[in-house]
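Participant: I have a structure here, written as structure tokens, and I will follow up with some questions on it.
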Amino acid sequence: MELTYHEDIPLDLISDQIAGCHCKAVCCLLGQATPILESGCPCLHRSGVSYTDEGLLLEFHSPVFECNSTCSCAFTCTNRIVQRYLSSSHGTTQSNFMPYRVVERPGVGRCLIAARHIHPGELVCVYLGEVVPYEEACRREQKQKSKYGHNYVLILKGFAGNSLVSQLCIDGDAPGPDGSKSDSRLVNHSCDPNLTIVLVHVDSVIPYAALFAHRPIPRDSELTYNYADCVPDAHIELSTVPCRCSAPNCRGYLPRTL
């Protein structure tokens, strides 16, 4: 499954290709004594070394620029973690890559739980669906609330100081070309989450919203993220919907996402 795009998303945002590298090694981390210098791999130069040799995320608060389809390195390059996830995941089916399973829990409904122990920095899933403009995201959120009692619209807001500079809106309820929907829409909110959303660029300037574990997650634990992830505390507004995460630091109500 892949991201799809609403007809009102500008074509240049979708099609403009991020320049790749010409590294001769199988992996861009090989032979890069100082990879973030201009003389090193240009992909690594954009965001530094993002992953360990084992493929675990190093930095949770900065965008990641992976190698892409124009790069010379192999698909097994350490700087291609999200791409390998996308190639091994097929809609709602469970592949060996998936460290989770879908379950039904009383009072919660369908959710994702850890199928095994998950390590800090490990990629768990990518929030897939249709990228839509903000106004369309607001319309769909209200429509889904009326239909389901909740919604699957992810709205990520980027701030520079106190100024809103970017918004990424993904409708997780929108089916892909094969009619399937991504499991990632079933990840619930927690005020003390075990997953963090990281924006990962591959070919396009429109990033993927990848969910990485930021602490050890024991098997059978529910997987959660903060619906206000990426929003500074000063900008978080609470909705009137009660939060049932039961975390010691629970705010009592779900964050308002619009």
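Any Cβ shown, glycine's included, is placed from N, Cα and C.
For 19-85, the entry in TrEMBL reads domain 'Pre-SET'. Taken from TrEMBL, the feature domain 'SET' applies to 95-228. Annotation source TrEMBL lists domain 'Post-SET' at 239-255.
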Participant: What parts of the chain pack near the domain 'Post-SET' (239-255), using Cβ distances under 8 Å and only residues at least 6 beyond its ends?
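Facilitator: Sequence-distant neighbours of the domain 'Post-SET' (239-255): 107-108, 188-192, 224, 226-228, 231.
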Participant: On the 0 to 100 scale, where does the mean pLDDT of the domain 'Pre-SET' (19-85) fall?
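Facilitator: Taking every residue in the domain 'Pre-SET' (19-85) and averaging pLDDT yields 85.
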